[in-house]
Amino acid sequence: EWPHTGRLALYLLGLRATCPPHSPQRSLVTWLKYYLEEDWTGSRRHGHPLTSYYQYGLGVLALCVHHKRVREEVIRRLLVAQHHGRLGHGGNAVDTEAVVALAFTCLEQRRLVRAGLAAELKTATHEVSRSMAEAQGPDGIIGNIYSTPWALQVFLATGVCHTEPAFGQAMAALLENLEAFGTTATMAQVLPVLHGRSYLDIASMHCWEEPDTLTPMDIEPPTEVLGNKMVRLVVECPLPWCYELRLYDRPVPAPAAASLLDVLRAAAALEPHNFKFHTQDTPQGPFLTQVLGLEARQEKRNYWQLLTAPNTPLQMGIADYRPQDEETLILRLSEW
(Lines of atoms letter the chains of each structure in order from A and count residues from 1; the text may use other names and numbers.)
(Lines give C-alpha, C1' and ligand atoms only; values in the text may rest on other atoms or scores of the structure.)
Protein backbone atom coordinates (compact mmCIF):
# COMPACT_ATOMS: atom_id res chain seq x y z
CA GLU A 1 0.00 0.00 0.00
CA TRP A 2 1.34 3.43 -0.98
CA PRO A 3 2.02 6.06 1.68
CA HIS A 4 -0.87 8.42 2.46
CA THR A 5 1.46 11.43 2.31
CA GLY A 6 -0.89 13.96 0.72
CA ARG A 7 -3.98 12.91 2.64
CA LEU A 8 -2.26 13.15 6.01
CA ALA A 9 -0.60 16.46 5.05
CA LEU A 10 -3.97 18.01 4.13
CA TYR A 11 -5.47 16.70 7.37
CA LEU A 12 -2.68 18.27 9.43
CA LEU A 13 -3.04 21.59 7.61
CA GLY A 14 -6.79 21.55 8.24
CA LEU A 15 -6.30 20.53 11.86
CA ARG A 16 -3.93 23.44 12.48
CA ALA A 17 -6.34 25.87 10.81
CA THR A 18 -9.30 24.82 12.98
CA CYS A 19 -7.53 25.59 16.28
CA PRO A 20 -8.54 22.35 18.05
CA PRO A 21 -8.87 22.58 21.87
CA HIS A 22 -6.75 19.45 22.25
CA SER A 23 -3.66 18.76 20.18
CA PRO A 24 -3.20 15.20 18.86
CA GLN A 25 -0.71 16.41 16.25
CA ARG A 26 2.49 14.93 17.71
CA SER A 27 1.77 11.33 16.68
CA LEU A 28 0.35 12.47 13.32
CA VAL A 29 3.45 14.55 12.60
CA THR A 30 5.60 11.51 13.38
CA TRP A 31 3.53 9.46 10.93
CA LEU A 32 3.92 12.15 8.25
CA LYS A 33 7.71 12.12 8.68
CA TYR A 34 7.59 8.33 8.30
CA TYR A 35 5.45 8.57 5.16
CA LEU A 36 7.86 11.08 3.58
CA GLU A 37 10.68 8.58 3.99
CA GLU A 38 8.60 5.60 2.80
CA ASP A 39 7.30 7.63 -0.12
CA TRP A 40 10.84 8.09 -1.41
CA THR A 41 12.51 4.86 -0.28
CA GLY A 42 10.01 2.75 -2.20
CA SER A 43 10.88 4.47 -5.47
CA ARG A 44 14.63 5.04 -5.46
CA ARG A 45 14.90 3.17 -8.76
CA HIS A 46 12.68 5.74 -10.52
CA GLY A 47 14.06 8.79 -8.71
CA HIS A 48 10.70 10.27 -7.71
CA PRO A 49 8.18 9.71 -4.90
CA LEU A 50 5.85 6.73 -5.00
CA THR A 51 2.89 9.10 -4.77
CA SER A 52 3.81 12.38 -6.51
CA TYR A 53 5.88 15.50 -6.00
CA TYR A 54 2.59 17.29 -5.26
CA GLN A 55 1.91 15.06 -2.24
CA TYR A 56 5.56 15.12 -1.22
CA GLY A 57 5.56 18.93 -1.27
CA LEU A 58 2.34 19.01 0.74
CA GLY A 59 4.02 16.82 3.35
CA VAL A 60 6.95 19.22 3.73
CA LEU A 61 4.57 22.20 3.85
CA ALA A 62 2.43 20.61 6.57
CA LEU A 63 5.47 19.84 8.73
CA CYS A 64 6.70 23.41 8.37
CA VAL A 65 3.29 24.87 9.26
CA HIS A 66 3.46 22.78 12.44
CA HIS A 67 6.92 24.30 13.12
CA LYS A 68 8.72 20.99 12.61
CA ARG A 69 12.16 20.76 11.07
CA VAL A 70 12.62 18.67 7.93
CA ARG A 71 15.79 16.75 7.07
CA GLU A 72 17.89 18.59 4.49
CA GLU A 73 17.96 15.51 2.25
CA VAL A 74 14.16 15.60 2.03
CA ILE A 75 14.24 19.27 1.00
CA ARG A 76 17.05 18.63 -1.50
CA ARG A 77 14.86 16.08 -3.33
CA LEU A 78 12.32 18.81 -4.04
CA LEU A 79 15.01 21.34 -4.98
CA VAL A 80 16.56 18.96 -7.52
CA ALA A 81 13.14 18.12 -9.00
CA GLN A 82 12.25 21.81 -9.32
CA HIS A 83 15.62 22.66 -10.84
CA HIS A 84 15.35 19.90 -13.48
CA GLY A 85 11.69 20.53 -14.38
CA ARG A 86 10.33 17.24 -13.05
CA LEU A 87 7.25 18.61 -11.30
CA GLY A 88 4.59 17.70 -13.85
CA HIS A 89 2.65 19.00 -16.85
CA GLY A 90 0.02 21.66 -17.56
CA GLY A 91 -2.17 22.64 -14.62
CA ASN A 92 -0.74 19.77 -12.58
CA ALA A 93 2.72 21.34 -12.92
CA VAL A 94 1.41 24.66 -11.59
CA ASP A 95 -0.23 22.89 -8.64
CA THR A 96 2.95 21.03 -7.80
CA GLU A 97 5.30 23.97 -8.35
CA ALA A 98 3.08 26.14 -6.14
CA VAL A 99 2.93 23.61 -3.30
CA VAL A 100 6.71 23.17 -3.45
CA ALA A 101 7.24 26.96 -3.54
CA LEU A 102 4.96 27.41 -0.52
CA ALA A 103 6.93 24.73 1.35
CA PHE A 104 10.22 26.45 0.44
CA THR A 105 8.89 29.86 1.51
CA CYS A 106 7.62 28.48 4.81
CA LEU A 107 10.97 26.83 5.63
CA GLU A 108 12.85 30.01 4.75
CA GLN A 109 10.53 32.44 6.57
CA ARG A 110 10.21 30.25 9.69
CA ARG A 111 14.03 29.86 9.75
CA LEU A 112 13.81 26.09 9.94
CA VAL A 113 16.85 25.61 7.69
CA ARG A 114 20.41 26.91 7.71
CA ALA A 115 21.18 30.24 6.02
CA GLY A 116 22.81 28.79 2.89
CA LEU A 117 19.89 26.47 2.15
CA ALA A 118 17.40 29.26 2.92
CA ALA A 119 19.01 31.37 0.18
CA GLU A 120 18.68 28.49 -2.29
CA LEU A 121 15.02 28.02 -1.38
CA LYS A 122 14.33 31.73 -1.86
CA THR A 123 15.94 31.67 -5.31
CA ALA A 124 13.94 28.59 -6.32
CA THR A 125 10.71 30.22 -5.15
CA HIS A 126 11.39 33.33 -7.23
CA GLU A 127 11.98 31.10 -10.27
CA VAL A 128 8.62 29.40 -9.70
CA SER A 129 6.86 32.73 -9.27
CA ARG A 130 8.38 34.03 -12.51
CA SER A 131 7.48 30.90 -14.48
CA MET A 132 3.88 31.12 -13.25
CA ALA A 133 3.59 34.71 -14.43
CA GLU A 134 5.01 33.68 -17.83
CA ALA A 135 2.59 30.74 -18.06
CA GLN A 136 -0.48 32.95 -17.60
CA GLY A 137 -2.95 32.74 -20.48
CA PRO A 138 -4.72 35.69 -22.12
CA ASP A 139 -7.79 34.89 -20.01
CA GLY A 140 -5.78 35.44 -16.81
CA ILE A 141 -5.81 31.76 -15.84
CA ILE A 142 -2.52 30.18 -14.77
CA GLY A 143 -2.36 26.51 -15.77
CA ASN A 144 -6.07 25.83 -15.37
CA ILE A 145 -8.81 27.29 -13.21
CA TYR A 146 -8.04 24.91 -10.33
CA SER A 147 -4.31 25.60 -10.33
CA THR A 148 -4.84 29.38 -10.40
CA PRO A 149 -5.56 29.65 -6.61
CA TRP A 150 -2.30 27.80 -5.93
CA ALA A 151 -0.37 30.30 -8.05
CA LEU A 152 -2.11 33.19 -6.29
CA GLN A 153 -1.11 31.70 -2.91
CA VAL A 154 2.52 31.81 -4.02
CA PHE A 155 2.23 35.48 -5.01
CA LEU A 156 0.62 36.25 -1.64
CA ALA A 157 3.10 34.24 0.43
CA THR A 158 6.12 35.79 -1.25
CA GLY A 159 4.73 39.33 -1.02
CA VAL A 160 4.84 40.09 -4.77
CA CYS A 161 1.05 40.38 -5.12
CA HIS A 162 1.23 44.19 -5.18
CA THR A 163 3.93 44.36 -7.85
CA GLU A 164 3.16 41.34 -10.05
CA PRO A 165 0.66 42.21 -12.84
CA ALA A 166 -0.24 38.53 -13.21
CA PHE A 167 -1.78 38.59 -9.71
CA GLY A 168 -4.57 41.05 -10.53
CA GLN A 169 -5.36 39.34 -13.84
CA ALA A 170 -5.48 35.90 -12.23
CA MET A 171 -7.67 37.16 -9.38
CA ALA A 172 -10.12 38.65 -11.89
CA ALA A 173 -10.27 35.33 -13.75
CA LEU A 174 -10.83 33.50 -10.48
CA LEU A 175 -13.76 35.73 -9.51
CA GLU A 176 -15.34 35.10 -12.91
CA ASN A 177 -15.13 31.31 -12.45
CA LEU A 178 -16.06 30.75 -8.80
CA GLU A 179 -18.82 28.33 -9.82
CA ALA A 180 -16.10 25.82 -10.74
CA PHE A 181 -15.11 25.39 -7.08
CA GLY A 182 -17.84 23.06 -5.91
CA THR A 183 -15.93 20.40 -3.95
CA THR A 184 -14.49 20.61 -0.45
CA ALA A 185 -10.91 20.26 -1.73
CA THR A 186 -11.22 23.02 -4.34
CA MET A 187 -13.01 25.34 -1.90
CA ALA A 188 -10.15 24.86 0.57
CA GLN A 189 -7.71 26.10 -2.08
CA VAL A 190 -9.69 29.15 -3.17
CA LEU A 191 -11.08 30.48 0.13
CA PRO A 192 -7.75 31.63 1.62
CA VAL A 193 -6.96 33.53 -1.61
CA LEU A 194 -10.32 35.32 -1.54
CA HIS A 195 -9.34 36.61 1.93
CA GLY A 196 -5.83 37.61 0.82
CA ARG A 197 -4.18 34.70 2.62
CA SER A 198 -2.14 31.59 1.84
CA TYR A 199 -1.62 28.31 3.67
CA LEU A 200 1.49 29.87 5.23
CA ASP A 201 -0.74 32.10 7.34
CA ILE A 202 -1.92 29.01 9.22
CA ALA A 203 1.53 28.79 10.82
CA SER A 204 1.18 32.22 12.48
CA MET A 205 -2.44 32.01 13.60
CA HIS A 206 -3.23 33.00 17.18
CA CYS A 207 -5.99 30.59 18.04
CA TRP A 208 -7.17 32.50 21.10
CA GLU A 209 -8.06 35.41 18.81
CA GLU A 210 -10.19 33.30 16.48
CA PRO A 211 -13.95 33.84 17.06
CA ASP A 212 -16.24 30.82 16.93
CA THR A 213 -18.22 31.94 13.89
CA LEU A 214 -18.81 28.62 12.13
CA THR A 215 -22.53 28.19 11.41
CA PRO A 216 -24.29 25.66 9.17
CA MET A 217 -25.54 26.87 5.78
CA ASP A 218 -28.78 26.01 4.05
CA ILE A 219 -27.79 25.14 0.50
CA GLU A 220 -30.50 24.78 -2.11
CA PRO A 221 -30.16 21.69 -4.33
CA PRO A 222 -29.22 22.45 -7.94
CA THR A 223 -32.06 22.83 -10.40
CA GLU A 224 -32.76 19.58 -12.22
CA VAL A 225 -32.08 19.74 -15.95
CA LEU A 226 -34.45 17.54 -17.96
CA GLY A 227 -33.96 15.97 -21.37
CA ASN A 228 -30.96 14.51 -23.19
CA LYS A 229 -27.98 15.64 -25.22
CA MET A 230 -25.60 14.13 -27.77
CA VAL A 231 -21.86 14.47 -27.18
CA ARG A 232 -19.26 13.36 -29.72
CA LEU A 233 -16.42 11.55 -27.95
CA VAL A 234 -13.02 11.26 -29.64
CA VAL A 235 -9.94 9.41 -28.37
CA GLU A 236 -6.59 10.32 -29.94
CA CYS A 237 -3.22 8.62 -29.49
CA PRO A 238 -0.35 10.14 -31.55
CA LEU A 239 3.12 8.75 -32.14
CA PRO A 240 5.18 7.29 -30.51
CA TRP A 241 2.50 5.47 -28.52
CA CYS A 242 0.15 4.58 -31.40
CA TYR A 243 0.39 4.24 -35.18
CA GLU A 244 -3.24 5.30 -35.68
CA LEU A 245 -4.10 8.76 -34.34
CA ARG A 246 -7.88 8.46 -33.88
CA LEU A 247 -8.82 5.35 -31.92
CA TYR A 248 -12.42 6.19 -31.12
CA ASP A 249 -14.99 8.57 -32.60
CA ARG A 250 -18.63 8.10 -31.63
CA PRO A 251 -21.69 10.18 -30.73
CA VAL A 252 -22.73 9.35 -27.17
CA PRO A 253 -26.26 10.08 -25.86
CA ALA A 254 -26.41 11.24 -22.24
CA PRO A 255 -28.74 13.11 -19.85
CA ALA A 256 -28.78 16.89 -20.31
CA ALA A 257 -27.07 17.46 -16.94
CA ALA A 258 -24.36 14.83 -17.50
CA SER A 259 -20.72 15.60 -16.72
CA LEU A 260 -17.83 14.38 -18.86
CA LEU A 261 -17.44 11.50 -16.41
CA ASP A 262 -21.10 10.59 -17.00
CA VAL A 263 -20.50 10.70 -20.77
CA LEU A 264 -17.55 8.31 -20.38
CA ARG A 265 -19.74 5.95 -18.36
CA ALA A 266 -22.47 6.18 -21.00
CA ALA A 267 -19.94 5.30 -23.72
CA ALA A 268 -18.75 2.32 -21.68
CA ALA A 269 -22.35 1.17 -21.24
CA LEU A 270 -23.01 1.47 -25.00
CA GLU A 271 -19.91 -0.52 -25.97
CA PRO A 272 -18.66 -2.43 -22.90
CA HIS A 273 -16.19 -4.48 -24.95
CA ASN A 274 -14.80 -1.59 -27.00
CA PHE A 275 -14.75 1.43 -24.70
CA LYS A 276 -13.14 1.07 -21.28
CA PHE A 277 -11.58 3.68 -19.00
CA HIS A 278 -10.16 3.97 -15.50
CA THR A 279 -9.82 6.88 -13.08
CA GLN A 280 -7.83 7.56 -9.94
CA ASP A 281 -9.34 9.40 -6.98
CA THR A 282 -7.49 12.54 -5.93
CA PRO A 283 -8.32 15.37 -3.49
CA GLN A 284 -9.41 17.40 -6.55
CA GLY A 285 -11.73 14.66 -7.81
CA PRO A 286 -11.33 11.71 -10.22
CA PHE A 287 -8.33 11.88 -12.57
CA LEU A 288 -8.38 10.04 -15.90
CA THR A 289 -5.56 7.47 -16.01
CA GLN A 290 -6.49 4.89 -18.67
CA VAL A 291 -8.59 4.89 -21.86
CA LEU A 292 -9.01 1.96 -24.26
CA GLY A 293 -6.31 0.08 -22.37
CA LEU A 294 -3.75 2.90 -22.80
CA GLU A 295 -2.41 4.03 -19.43
CA ALA A 296 -0.89 7.44 -18.75
CA ARG A 297 2.02 7.10 -16.34
CA GLN A 298 4.37 9.56 -14.68
CA GLU A 299 7.50 7.57 -15.61
CA LYS A 300 6.41 7.71 -19.28
CA ARG A 301 5.88 11.48 -18.95
CA ASN A 302 2.43 11.32 -20.54
CA TYR A 303 -1.13 12.11 -19.48
CA TRP A 304 -4.67 12.19 -20.86
CA GLN A 305 -5.35 15.73 -22.00
CA LEU A 306 -8.99 16.85 -22.10
CA LEU A 307 -10.02 19.19 -24.91
CA THR A 308 -13.14 20.56 -26.56
CA ALA A 309 -12.90 20.59 -30.36
CA PRO A 310 -10.97 21.70 -32.18
CA ASN A 311 -8.13 22.23 -29.72
CA THR A 312 -9.19 24.06 -26.53
CA PRO A 313 -7.99 22.50 -23.23
CA LEU A 314 -10.70 22.08 -20.58
CA GLN A 315 -10.33 24.12 -17.40
CA MET A 316 -12.26 21.59 -15.27
CA GLY A 317 -11.93 17.94 -14.32
CA ILE A 318 -13.98 15.10 -15.77
CA ALA A 319 -16.46 15.14 -12.88
CA ASP A 320 -17.03 18.92 -13.04
CA TYR A 321 -17.14 19.73 -16.75
CA ARG A 322 -20.65 19.51 -18.28
CA PRO A 323 -20.48 19.42 -22.09
CA GLN A 324 -23.10 21.12 -24.24
CA ASP A 325 -25.39 19.35 -26.68
CA GLU A 326 -23.57 18.55 -29.98
CA GLU A 327 -20.18 19.36 -28.41
CA THR A 328 -17.12 17.34 -29.45
CA LEU A 329 -14.78 16.28 -26.64
CA ILE A 330 -11.29 14.94 -27.27
CA LEU A 331 -9.26 12.69 -24.96
CA ARG A 332 -5.68 12.95 -26.22
CA LEU A 333 -2.70 11.04 -24.87
CA SER A 334 -0.11 13.81 -24.58
CA GLU A 335 3.50 14.23 -23.46
CA TRP A 336 4.74 16.64 -20.82
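Backbone N, Cα and C atoms are what each Cβ position is placed from, and that goes for glycine too.
Unlike curated records, TrEMBL annotations are generated automatically.
As given in TrEMBL:
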{"type": "BINDING", "residues": "Thr51, Ser52, Tyr53, Tyr54, Gln55, Asp95, Asn144, Gln189, Trp304, Gln305, Leu306, Leu314, Trp336", "note": "cyanocob(III)alamin binding site"}
{"type": "DISULFID", "residues": "Cys64-Cys106", "note": "disulfide bond"}
Recorded positions (Cys64, Leu306), the one with most neighbouring Cβ atoms at 10 Å: Cys64
Other CB atoms, at most 10 A from the CB of Cys106 (disulfide bond): 25
Residue among the binding-site residues Gln55, Asn144 whose Cβ has the most other Cβ atoms within 10 Å: Gln55
Cα separation, Gln55 (cyanocob(III)alamin binding site) to Cys64 (disulfide bond) (Å, whole number): 14
Neighbour count (Cβ, 10 Å) for Tyr53 (cyanocob(III)alamin binding site): 24
Distance [Cα-Cα, Å, rounded] between Asn144 (cyanocob(III)alamin binding site) and Cys106 (disulfide bond): 25
Length of the line joining the Cα atoms of Trp304 (cyanocob(III)alamin binding site) and Cys106 (disulfide bond), in Å: 33
Residue pair Gln55 (cyanocob(III)alamin binding site), Cys106 (disulfide bond) - Cα distance, angstrom, rounded: 16
Distance, Leu306 (cyanocob(III)alamin binding site) to Cys106 (disulfide bond) (CA atoms, angstrom): 34
Thr51 (cyanocob(III)alamin binding site), number of other Cβ atoms within 10 Å: 23
Surrounding CB atoms that lie within 10 Å of the CB of Trp304 (cyanocob(III)alamin binding site), all protein chains: 21
